[in-house]
């Protein structure tokens, strides 16, 4: 019987950070939980980052994942927004790293390709495939659905890497 691996996907953002937890065993996927962390826009940047860090740390402690998958940041025309997203992403990398989890990073196009089969697709397509692959999945936001897609992407790439290691050993 295959070992069960618990994966948390994290879709970082300063306003909202989505998270999704799945269990992965052999070729079986099971939804565990998903949600969205929000920071208080009335607070200063440092306080907002602390809110995200505490929220992620609490989720990691509650669900005890074995591995984390975090979305790569993308650069847009608004440099300030990109910097803030980068800072939120640093929290998304730091919290699982401090919990001694291996952290894997995936570009948005790689996540889309893993979940819907093409690198450029609408959010609705991703959300529909998350529901197909995880029929019991419940998510309260687009960010939580994207986080589940990240966890699914990691389960796919983890399987490929494991299979490759076995056949080349």
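Numbers here mean position along the shown chain, with the first residue as 1.
Glycine is treated like the rest: Cβ placed from N, Cα and C.
Features of the protein shown, as given by Swiss-Prot:
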- 11: active site (ACT_SITE)
- 71: active site (ACT_SITE)
- 143: active site (ACT_SITE)
- 11, 143: Mg(2+) 1 binding site (BINDING)
- 71: Mg(2+) 2 binding site (BINDING)
Here the Cα-Cα span from residue 143 (active site) to residue 71 (active site), rounded to a whole number of angstrom, reaches 11
Spatial separation of residue 71 (active site) from residue 11 (active site) - C-alpha basis, Å: 6
Find, among the active-site residues listed as 11, 71, 143, the one whose Cβ has the highest number of other Cβ atoms within 10 Å in the structure shown. 11
